[in-house]
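Asker: Got a structure for you, written out below as structure tokens; questions coming shortly.
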Amino acid sequence: MNRIWLFFSVMFVIGTDTFLLSPLLPLLQDQFHVSTDLSGWMVSAYALGYALFAFIAGPISDRLNRKTVMLWGLAGFIVSTFLCGIAPSFAAMCLFRFAAGVSAAFVTPQIWASIPVIVQPSQIIKGMGIATAGLAASQMLGLPIGGFLASFTWHTPFFVLSACSLILLLILAAVMPGIRPSEPLARPSIVNPYRELFSLPKTSVILLAYFLFQTGNFASFSFLGTWLSADYHLTVSQIGAAMLVLGLGNMLGSLIGSRVSEKLGMFKTLISGMLLMGALYFALPFFPNLFLVEAGFFLTFFTAGIIFPLMMGVFQSIAPNARGTIASLSNAAMYAGTTVGTSIAGFLYQSTQHFGAVTGFTAILFILSMTLYQTISKTGKRQSTARAQL
């Protein structure tokens, strides 16, 4: 399991860059003199780059040494993140964020795809929970630290993050084992793995359910900083500190999620968690004070930490021989959802000037996603019953 903690570190730096824009968005909006709906494109550009290139990264990584792919991806991530720190304009920032997303698309799928290979089958969910905890830790520590660094200048968080990523790159190059494909013959086409996956009936349903969830999730998450700045008049460092409990909840949830799912069952835990998250997101703008908002942050992302590894487990169960492709597909769905969700949320927020329009949109998408996961669960039970009767 020691190797999993190395993945934890990679997910921490990638996650910090992914989530960093939420507390910085009000500051960068003023810096580049853009409206609320346009400011969301600094988040969407990263997500779009990731979503587009994740489709290529998965099949390629299934034919190459995953360590090599991860190192080159991380090198590109370091350069593009540094360039974000010197972006002279809104357009340049969006371009460099797009490049950072492209680079990250070649890193994180290697983590999700490698975990089932390097740990025992009984430890897969736990391993994914630890990797997910890296994302949660980036919210708990990376966001407030980024907010604190941004109190000096908005450039600083990007410079520090690229320096930390460089150190991690050197460590990975020295100690990370090579993970070569189990099948030595390369597939003739990048398209073929996706054709094979989508020939399975459950692939499209799982993909759509996850896309809807992440569209709703990032619609609200991306504008939390803007909302806290507008309604509670918090500074960028205060926004980062306010999000400390958000990351704490996510990390704790990801660490105990495997125990909860063992007791309640995977799909029961997943569906119940989505229902709770939807209710909490919807209620956020109506809480009367910041203390209750903080409590809502904790509970919402504690639940998210529990259910996210389960979603990854559902994805990885589709086709064990194409884990890299599946991991890229799931990440592409997440960042496509981020692009769509952030764009729609920016429009809703700008039009209504009320965060409740955004969280209401999130709640509706969670209900739709939950319905699809229920369909997947029922189909799986019917298939299990049919096999038992044969």
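Using the three backbone atoms N, Cα and C, a Cβ is placed for every residue, glycine included.
Straight from Swiss-Prot, here's the annotation block:
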{"type": "TRANSMEM", "residues": "4-24", "note": "transmembrane segment"}
{"type": "TRANSMEM", "residues": "40-60", "note": "transmembrane segment"}
{"type": "TRANSMEM", "residues": "68-88", "note": "transmembrane segment"}
{"type": "TRANSMEM", "residues": "98-118", "note": "transmembrane segment"}
{"type": "TRANSMEM", "residues": "130-150", "note": "transmembrane segment"}
{"type": "TRANSMEM", "residues": "159-179", "note": "transmembrane segment"}
{"type": "TRANSMEM", "residues": "205-225", "note": "transmembrane segment"}
{"type": "TRANSMEM", "residues": "236-256", "note": "transmembrane segment"}
{"type": "TRANSMEM", "residues": "273-293", "note": "transmembrane segment"}
{"type": "TRANSMEM", "residues": "295-315", "note": "transmembrane segment"}
{"type": "TRANSMEM", "residues": "329-349", "note": "transmembrane segment"}
{"type": "TRANSMEM", "residues": "356-376", "note": "transmembrane segment"}
Asker: Ranking 98-118, 159-179, 295-315 by Cβ pairs under 8 Å to the transmembrane segment (130-150), which is first?
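Answerer: Answer is 295-315, with the largest number of Cβ pairs below 8 Å.
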Asker: Thinking of Cβ pairs under 8 Å, which stretch from 98-118, 159-179, 273-293, 329-349 has the most of them with the transmembrane segment (205-225)?
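Answerer: Checked against 98-118, 159-179, 273-293, 329-349; highest Cβ contact count belongs to 329-349.
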Asker: Test of understanding: applying the rule of at least three C-beta pairs under 8 Å (pairs 6 or more apart in sequence), is the transmembrane segment (329-349) touching the transmembrane segment (98-118)?
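Answerer: Output yes: the transmembrane segment (98-118) sits against the transmembrane segment (329-349).
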Asker: Can you work out whether the transmembrane segment (4-24) touches the transmembrane segment (329-349), with the criterion being 3+ CB pairs under 8 Å where the paired residues are 6 or more apart along the chain?
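Answerer: With fewer than 3 qualifying Cβ pairs, these stretches do not touch.
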Asker: Quick check for me: are there 3+ Cβ pairs below 8 Å between the transmembrane segment (236-256) and the transmembrane segment (68-88), leaving out pairs under 6 residues apart?
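Answerer: No, since the transmembrane segment (236-256) and the transmembrane segment (68-88) share fewer than 3 Cβ pairs closer than 8 Å, they do not count as touching.
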Asker: So, do the transmembrane segment (40-60) and the transmembrane segment (273-293) meet, by the test of 3 or more Cβ pairs under 8 Å (sequence gap 6 or more)?
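Answerer: With fewer than 3 qualifying Cβ pairs, these stretches do not touch.
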Asker: Six or more residues out from either end of the transmembrane segment (68-88), which same-chain residues have a Cβ under 8 Å from its Cβ atoms?
Answerer: 10, 13-14, 17, 57, 60-61, 96-97, 99-100, 102-107, 110-111, 155-159, 161-162, 165-166, 168-169, 172-173, 176, 178
Asker: Mind checking which residues of the chain, 6+ beyond the ends of the transmembrane segment (159-179), have their Cβ under 8 Å from one of its Cβ atoms?
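Answerer: Residues 3, 6, 9-10, 13, 16-17, 20, 65-68, 70-71, 74-75, 77-79, 81-82, 85, 110, 114, 117-118, 146, 149 contact the transmembrane segment (159-179) from elsewhere in the chain.
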